[in-house]
Amino acid sequence: MRIEKHRTPLSKGIIWTILSVCLLFMFTTLILVIVATAGSTANYKPLTNIYIGEADIKHINVSKVIPQIGPILTILGSALTAPNSSLDDIFGAMKNIADTPALTPLLTLLSNADNTTVTIESLTELAPLAISGNPASSTRQLTEINGLLKYSDNATETLDGLSRLVSASLSSASSNSSSDSTTLVLDLLKDSDNPQNSTDALLTLNNLTMSEKAQLLPVFRLFAFSTNQTATMTALATLMNTTISSSLAQTLLTQLQNTISNGGSLNNTFSTLQPLVPQASAPAFDAVELLLNQTTSTNQTLSTLSDLLEQNLTQSSSAKKAFAALTQLMENSDNSTMVVTSVQSLAAVTNTTQSTQQLIGLDDVISSSSNTNETLSILSELQSGLSGNSSSVQYIPYLFSLLGASTDPKTTFSSLVTLTSWAQENPQTFLPILDILADAKSVQPISAEELNAMTPNILEYLKIPIYYRLSIFTLCHANLENKILDCNSPHAVQNLDFRSIIYDALVTSDFQPYLNALNISANDLYLEGKLLHREHQYVPAVRSVLALNLLAIIFSFFTMIFIILLYFNRYMFKQPLWLIALALHVCVGVATVLAAIIISVMIAIIKSGTADDKYGVVFKAGPAYTGLIWTAFALSFIATGLIIYTWWRNRRSGRYMSGSVTNRKGEIYTYGDGSAISADRFGDHNLGDDDDADFEKQVNRNEITAIDNSSSANNTDVTGSTSNRTELSHPDVTPKDSNGPVNNNAHLVA
């Protein structure tokens with residue numbers, strides 16, 4: 001046996017105090033983590049104030065998140081800036097038609113507006129057509145235009161062409177033109193086997209100058225005297241494509257004229273002249289013979305041919321071009337007489353700009369049509385209706401302005417037809433909508449800053465939640481005043497799908513009719529950007545935090561059990577129990593600090609994403625939840641420190657070391673965490689001589705004295721400490737006189 005330096009051990013009173021503090025801290029940690037995890041599982045305060053994070057959408061960029069709503073909000077927001085306008089006036093009127101067939105076409109018209117100013121002006125001007133117009137007439141004309149779009153492969157091109165065509169027709173009607181060129185052209189195209197080709201031919205003829213058109217007069221006269229216009233066209237085509245010398249032409253015409261004057265036979269003359277004609281000019285010679293054989297007036301035909309050759313039309317490039325276009329018209333038509341008559345009338349039109357617009361418009365409409373015959377039939381009916389109804393004509397320019405300002409003219413027009421039909425049957429319900437349009441027209445379009453400022457009030461009026469409080473198991477909605485509106489039933493861990501969160505809130509609000517009318521689903525919400533790209537980082541965070549919180553709860557519970565065990569004397573100085581308790585304290589601390597860190601990182605990721613994407617959404621951490629988790633970590637950290645301190649002091653003071661001495665009766669006295677062992681088990685190991693026995697007793701007294709003095713140093717009433725006396729008393733061990741000097745540094749090592 002030998003004596004070493006001995007550190008003053010902690011008394012049981014201090015150990016119990018430390019264990020009590022640790023038990024209290026672990027119990028508090030357990031409660032804090034449970035409350036933080038449960039969060040707003042019950043819809044009452046103060047639990048509703050416990051949430052992981054809160055999304056604030058009062059200044060959400062609606063035009064970016066829901067692009068279809070952007071133009072609508074711009075128009076309605078502009079109306080709100082008008083004098084004496086209020087949310088009830090604007091959105092109350094919209095709410096009145098929410099359950100009617102009018103909401104869908106109205107919102108579609110506004111949503112498709114690429115230029116809200118033009119759209120508002122056009123709708124305002126078209127409104128009387130719906131309210132006070134002739135339902136049968138105005139609706140029929142709109143239906144006819146809608147029919148054109150039905151057969152269109154390119155609605156934009158069709159409407160552009162129709163706009164040119166109708167504008168030109170209206171101009172012609174206002175000038176009282178004696179020749180309705182549009183009607184002539186439509187008749188030509190309806191008779192054509194290839195309307196597209198015929199339209200191109202008419203454009204070619206229309207682009208000729210008046211002098212170039214005059215060159216065609218001999219051609220028209222030849223057709224006028226012809227008994228077989230197909231043969232006449234063939235003969236003229238041959239003349240246009242064959243080179244004939246002027247001398248030969250003059251000789252031929254002179255001989256023919258003499259024959260006619262003398263009453264001779266033209267056939268004999270042609271037979272006589274045939275051998276004299278060069279081979280290259282033979283086709284032209286045969287063409288002249290064909291023309292004279294298929295005419296009602298030989299003299300007039302021969303005179304016309306003479307004029308045609310004298311003007312050298314067969315060599316004129318413009319004449320060749322014009323004749324080629326005329327040939328196309330004849331070939332595509334089953335009524336060559338109508339073709340000649342119509343082309344001759346169109347050639348007399350002096351306003352080529354107007355006629356060009358008509359033909360270009362027709363070309364656009366026909367080229368974009370999937371059914372040319374139906375398209376031409378509808379155009380004829382529309383032309384007839386507009387020319388006979390002056391009351392509808394005044395609305396045509398605004399109609400095409402509306403379509404021109406639309407991103408989807410086809411849908412816009414069909415919506416206008418539907419809305420007009422409904423408004424004519426329900427004028428009183430529709431009048432407040434017209435007031436909204438009038439208010440919007442009377443003021444400047446609302447700016448982005450003004451719209452952003454009034455967004456909170458609009459959202460509040462439509463009962464759309466402003467604040468979204470995310471807990472682990474629940475999601476709560478709050479209004480502009482931070483009052484809880486509702487909390488969903490606790491369910492599986494929140495997956496932080498912001499698209500679904502926002503859409504579900506919209507569906508349960510007064511905004512639902514707008515979503516249904518525009519057929520907007522959750523996938524239509526535009527939330528692309530950094531926030532969604534990092535979804536794989538923050539979505540698993542909530543599940544991780546839940547797992548860590550559960551571990552913290554479990555570890556806290558078992559830590560409390562081991563702390564209670566350490567209260568008992570038989571376990572107080574068992575080093576393995578202290579090490580297990582220490583490990584559990586560390587686990588609680590690690591679980592809570594990781595949960596707190598993960599939430600902080602998740603909040604930072606979401607805040608960064610919403611800021612960079614410029615959605616106007618502000619996300620911040622829940623102060624109550626953050627405080628609970630960090631407090632739980634702080635308590636577990638302090639408790640861990642206390643356990644480490646106590647364990648280390650006990651270890652350094654030898655409390656965990658097994659030691660023994662033999663008393664006068666040969667019995668073993670044990671201390672530390674050793675067990676009492678009978679003296680006879682030691683046999684030869686017992687101290688046999690008196691010197692050794694005296695030495696052992698002295699050592700035992702020193703050990704007892706050291707512990708006694710330690711207890712006296714840590715307790716104010718040494719004599720009253722029954723626990724210490726119980727610990728130190730042992731049979732046949734005589735305490736050392738306390739009046740003498742005490743060696744507090746003596747330590748026995750077996």
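Positions of Cβ are set from backbone N, Cα and C atoms, glycine also.
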Out of LYS12, LYS665, LYS697, report back the residue that Swiss-Prot marks as ubiquitin cross-link.
LYS697
In whole Å, how far does the CA atom of ASN197 (N-linked glycosylation site) lie from that of ASN335 (N-linked glycosylation site)?
16
Sort the glycosylation sites ASN228, ASN267, ASN293 by C-alpha distance from ASN115 (N-linked glycosylation site) and give me just the closest.
ASN228
Using a 10 angstroms cut-off on Cβ to Cβ distances, just flag whichever of ASN61, ASN84, ASN197, ASN312 is the loneliest among these glycosylation sites.
ASN84
Which of these glycosylation sites is closest to ASN228 (N-linked glycosylation site) if you go by CA atoms: ASN84, ASN293, ASN312, ASN335?
ASN293
Rounded to a whole number, how many Å is the Cα of ASN267 (N-linked glycosylation site) away from the Cα of ASN312 (N-linked glycosylation site)?
26
Let's check the environment of ASN228 (N-linked glycosylation site): how many other CB atoms sit within 10 Å of its CB?
15
CB neighbours of ASN335 (N-linked glycosylation site) within 10 A?
15
Site with most surrounding Cβ atoms, counting all protein chains shown within 10 Å, from the glycosylation sites ASN115, ASN267:
ASN115
